[in-house]
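Okay, structure first, notes after.
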Ligand code: NAI
């Protein structure tokens with residue numbers, strides 16, 4: 001099929017490359033000319049495993065093309081996807097202006113047989129609203145707007161797209177439903193469930209699914225806090241819960257609070273939808289506040305570990321909101337690092353992929369290419385992102401580089417025995433304190449000790 005995708009970000013680019021790989025002819029259009037130029041020269045603006053090869057392969061065989069302009073180049077498309085951003089507004093609802101602009105831009109150029117498909121995550125009723133908008137612009141009632149929400153995760157976007165748990169096709173008319181069923185026929189043949197429903201159901205499925213997953217994260221974070229109080233181990237508790245097939249293991253690892261481009265904004269939007277329809281989503285409303293508070297509390301915990309933070313040095317390992325992505329949107333680091341700096345701490349950081357994005361958002365941080373160099377003379381190291389590389393840290397090298405002895409692992413990547421065996425004080429999440437604090441600080445290490453030494457006359 002001939003497919004156009006408006007927006008070449010994480011979702012648009014992945015969708016375009018994957019649909020091309022399935023044999024469709026895809027044109028991806030983005031208003032950001034620099035982004036399109038970079039993609040054409042095979043330098044992807046986002047880091048996503050396997051995506052670069054997929055884009056290059058499909059560019060080479062002319063199934064995938066890119067442009068920054070919308071015009072007659074879309075008039076033979078059977079499906080025109082809108083995959084532009086839908087950021088949060090101040091009131092928590094989403095800003096639909098990018099979707100609206102994209103719809104206005106495509107409307108005059110749509111072919112008679114084309115259907116518009118909203119891939120962006122949008123609030124309930126958007127497909128109908130966009131259809132009315134396009135009908136007004138074109139004066140043509142035949143045009144159809146469908147909803148096909150995307151469930152891929154950054155970091156495994158290609159795999160998720162190619163091996164989906166399900167495909168949701170929201171269509172209020174037969175024409176667009178038939179086209180979308182044809183587009184995804186290869187998946188249906190492989191046994192992937194294809195749910196055909198209305199546009200408003202599809203829109204709510206996406207939000208309800210993300211809100212539920214975010215609730216799982218919020219829940220296990222609270223269980224982790226309980227485990228700390230009760231001297232239990234959240235790793236064992238979550239394993240025992242996850243083995244129940246009704247619960248499942250996914251999203252049951254405690255951490256520094258969810259972030260990223262989806263969960264924070266989608267939970268806020270879900271809550272806003274509830275308020276709009278007079279059906280408050282109180283579980284999700286509470287979760288939103290708790291999740292933000294968690295990030296602040298974890299920053300306070302670092303400051304507590306430092307004792308006297310003024311003049312201290314902390315190394316952050318991992319700033320991306322999760323592993324295998326360079327995405328910094330609503331990452332925990334953005335809440336935690338400014339609090340440390342405000343308290344007078346010098347912050348150094350390392351991230352295998354997010355340095356470029358993160359350094360613009362956290363300009364007062366000193367960046368390093370190597371985690372050991374970043375840890376030089378640090379009082380505390382804080383693991384914020386679950387990069388595999390950090391599981392395999394050379395702890396002797398790390399301990400040797402530090403002037404303090406505190407390793408704070410907000411992803412539970414390491415084991416207490418290993419860390420403590422290297423003379424470090426280990427703080428993790430939801431695990432018994434007795435395991436975590438087993439050795440006194442090194443003589444003369446830690447910020448309080450250093451300040452005392454500096455202040456005493458020689
Ligand atoms: P993004 O910000 O990475 O990409 C959006 C792209 O759209 C940008 O490159 C921007 O230049 C382009 N754009 C904006 N207005 C345009 C216009 N009028 N014409 C052409 N291009 C335009 O956003 P991302 O992450 O790809 O998300 C897109 C949508 O998909 C959002 O609604 C998001 O909630 C949803 N989503 C995102 C997922 C993710 O993991 N990032 C997963 C599932 C859904």
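Including glycine, each Cβ sits where the backbone N, Cα and C put it.
The record from TrEMBL ties 30, 35, 86, 154, 265, 329 to NAD(+), and of the options 121, 197, 296 it ties 121 to that site too.
Together with 151, 152, 153, 154, 251, 252, 253, 254, 255, 259, 322, TrEMBL lists one candidate of 196, 206, 353 for binding substrate, that being 206. Of the binding-site residues 30, 154, 154 has the largest number of other Cβ atoms within 10 Å of its own Cβ. Sorting the domain 'UDP-glucose/GDP-mannose dehydrogenase C-terminal' (315-416) by DSSP state (H, G, I as helix; E, B as strand; all else coil) yields 34 helix, 18 strand, 50 coil.
For ligand 1, there are no nearby binding-site residues; that is, of 206, 252, 254, 329, none has a C-beta under 6 Å from one of its atoms. The Cβ of residue 121 (NAD(+) binding site) lies under 8 Å from the Cβ of 86, 94, 149, 150, 206, 207, 210, 262, 266, 269, each of these being in the same chain and 6 or more residues away along the sequence.
Reduced to three states, the DSSP call for residue 254 (substrate binding site) is coil. A 10 Å radius around the C-alpha of residue 329 (NAD(+) binding site) takes in none of the binding-site residues listed as 151, 153, 252, 254.
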